[in-house]
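The block underneath contains the structure these notes are about, expressed in structure tokens.
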């Protein structure tokens, strides 16, 4: 965002001028590092008009007030502070954070004033902690209590977006962010923008794209966003192209609804430079299709943990409300919101302020009944873009079809005249409907808002188009006549249904009433009628007091009436539009009398209608596909249905009086005859295209003609000859307990033979030659004949096998399951292409050499401990503890066979492995796992040269009694910064259980071990990986098979990393450096570099700063004697710096430092200068020495002008430079200084310094006012190493310059100044002005801090402290003079 005023989430810091460029600058930078880029520093607090400041503060999300602790809380300050509080009252959502900065005995007075104004969020500077700790506390407070709420759950999504961007080829990359309203698309896009924008030449974030384009126009919007501050107006796109041609640009278009407008926008930007990125957020996937964006990220809802955290923060709920009750309430809210951040936060804010749990529960029920306007508005904007048919389909689904089979819904809606195949896809694209597991689903909020649309159309129940609330339907249908006081019947007129009603779904679970006979008379347009009972334990009681139903609407497509109490449907009912009749447990004897038009009927279900005796009328339904008459015990015959060509399924199970079936349709797929009186099927019954016969038949002749029969289930016994099976593809004889043997089936074309559960089967003569899948689990077979070479799956789970034939020649065998074969003694060998091997619970003592292709090994409960040494193993459970502890160390050692001169080709062929074990089995293992889900390792120089890969150990906590862990895996993200300072990453996903395989019940937690040599940083020069400072960060996330994060169900509790080294095969088991509590944020190149610097010894830090400021690109031979002169060990120091990648030494002996390294060195010097000035200005003084506050009056200034040489020691006063400006007609600028004791002693002395026009070696100094304190008399350096380092650097500047002057031109790399020699006292005179100006350009810092370069040349500007420490004589000890 270019202007923070447009961002409702920015921080405004109010402060005084004195701390703006010291403490406040550090605070601002820390906020930006946390991702809060919009920070406004307001110093107008000194301005009593306060208008501009007030406007800024009112718009801010957080207002930070930095108060000077060393100033008396006078009326002036309190007035200013009151104005800040007034701004906060105008913005009730704004947070106010107070910071009391500076040591003072007036602290108690400030705290009293702040407490009086009701402010509890107060931070104070303390003697026992540094400013950096104070800054960290303030940033944490601001972020976690305000900004963090909006970004809960964003980090894992950022990783996925980043990965999606990185996978795209170089060029103009495009990513679409898609999701339902309120799911966090804009928040995620802003987070991506904040993280990535700094890496682009230009960037823009266009919020509410369609509205912005309409209001401002394309060119004006682009000029405002991409070229802020530009004077010229862009009239043509070509002008913008000329200014941004070939530049890397980041463009974010938020909330795009009109695909055509976005498409035209993007078509004009094919000239952007390679690496440009365009991100579009939309709730309509069709936008991405039209814009040609293939990489689409679907934003998922928050997991349970994140949702609860957001709810509690939004509602400001305290835990003292009762942990159990609070948990139940939060679960209900979270379950209803289903991970939608907008809904969770809105409901949380609506419940905010409710002190009692009962009040919150009541408020929540009201919110469910009438969702808040903000949520309704967000969802209704998508609804308003639909066509009329799409709206009708959406409302039908919202009111009636939640969770129904999508094919069932499509069939009904097609019968209503809609085009659901297309229109449901539109609803899915607009995030209003989802299809999961072949069922139609709506988010609970979406469903309630859809129903609210219906209820909002009219307050008259009888005129609402769709009815689903039982109480309102009962009101319309209930019989309304009764006797009063024994008098004749009195009729009370009630409102009856109208022709506006299109759908009526009545749940009778809690109802008991009489239905009036003419209840449906006026519902002429009723399409969908369903009367059902959702509670199977309740018997509904709905009666017809008159014993009749006068009519049903002729427009019905669905007639679903459970427990229908009458003997037939109304005779005047015309069912020509009916698509489905579903009337289970009815009292029907027949549907109706006579012949009806049933041309639209697709399904009829009359199951368990025990009075049904006649269904002959169904023969007229030529399009009928399903007939379900299960449990119709009085039905005696099934009519010849040969003419029903579309009939696919017939279920006559339980029709005990049916003795025969005369004719079966030719396209029948499923025929259920269990429990019938049918003993045999005639030959003409089995047709060539039958696919499945399900029945316990004693004889099925004619199977040789069934050329398309694919499944034959559960025969009691096999035929004496299997030749009648013809072209059968799948033979399933599962659980045929009486089957004892099978004949030779070598000539059959079977692909699948399932004999599972045939507990009496003890022999097989031969297998089909083309068999692919063989299931022998639970059989009594001890030996099997030669297996066919086409076999792909062999499952003998729990069988009595004792041996297997040699399987080495089975090239296609991929899965071998021998689990539970307790009698299995030997295995001769495995196929070379085997991928999955299961032998859990066997007694094998040795396992043959496993093939290279093996991916999964399940050894649960196996007695074998002599496992092979290679590759990837899963489900490694319940081995002895020693085996588990030793296996990882042994497995890592196996990579020692890789030669030292390895290549990428050899790395790609190197073994990888993984295994898992319950954590309780390795409690005594020395794995050194660290708490948390991330860990950072440091590689020393030798490791980096021979790095092969990493071994990773991850402990995952599973929920109690979690049974299905088949879908669990671990995503590992490896991050590092290359030597150019760019952040790099690689991600690999590891799954410990093969998809679709049943794994043993997991314990509470498991340790997973992975190794993959491809999981390593990319190679730099030679074999040295391109890793900056040797720091590599690993982060671990639990995922499912679709790589979706599972943090809501599983938790990574501990993790660890080991280095695989090619030279020795060792794994750095003891020397690896592990960093705990690593924040899960991207480690930038600067942060990696700073970590390396902070870990250096003090003298190595000094050496680095020397090189950063003076000796970049210099020869080592030139630098060494100069550095040695100040007692620094050059040889070891340079090696240390090179090992952590702070410098590098080229092949010709030059010290090379990249730009980011030099930048960090300058910033360190800059920061130390700030600390120096801060320390000088805030040194503790006796309170009695502080002059009392006097009335303001203008003092007369004492003016004195002197001229001194530029190298003179000066007046020995301590000055602080606060400005500089060019003087008209003068060659030299004028510097402005004030006494460093202005704020501690109230000293008003100032001076102006300018070089002489006639003699540039002379300085003209003008003194204004007198000092009110004694002149300092002694030299002193800061007690801490930071200041001493800064001082030593400053001192060396002059020395280095002098060395250059004495250098012989003929010997450029041989300095003539020996390390022990003492340069002349006036050596600084020889420092050329051009060198001085060049150095000033290279080391430019802010003008309002002490300039350490000037300190070196003008000692009179240096502070002369009172005491002395070991650093105070540093320069004198090494004979440095100025």
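Each Cβ is built from the backbone N, Cα and C atoms, and glycine gets one as well.
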Stated Swiss-Prot location of region 'Disordered', expressed as one of 1300-1321, 1322-1343, 1344-1365: 1300-1321
Range annotated as motif 'Nuclear localization signal' - as stated in Swiss-Prot, picked from 952-969, 970-987, 988-1005: 988-1005
Environment of 179, 180, 181, 182, 183, 184, 185, 186, the listed ATP site - residues of the same chain whose CB lies within 8 A of the CB centroid: 283, 299, 340, 341, 342, 431
179, 181, 184 as binding-site residues, winner by CB count within 10 A: 184
Number of Cβ atoms other than its own within 10 Å, given for residue 185 (ATP binding site): 24
Mean of pLDDT values spanning the domain 'NB-ARC' (170-421): 82
Residue counts (helix, strand, coil, in that order) that DSSP gives for the repeat 'LRR 7' (742-766): 0 helix, 6 strand, 19 coil
Distant-in-sequence Cβ neighbours of residue 180 (ATP binding site), under 8 Å, six or more positions away: 283, 340, 431, 432, 443, 446
Helix, strand and coil totals (DSSP H, G, I; E, B; other) for the repeat 'LRR 3' (554-575): 0 helix, 4 strand, 18 coil
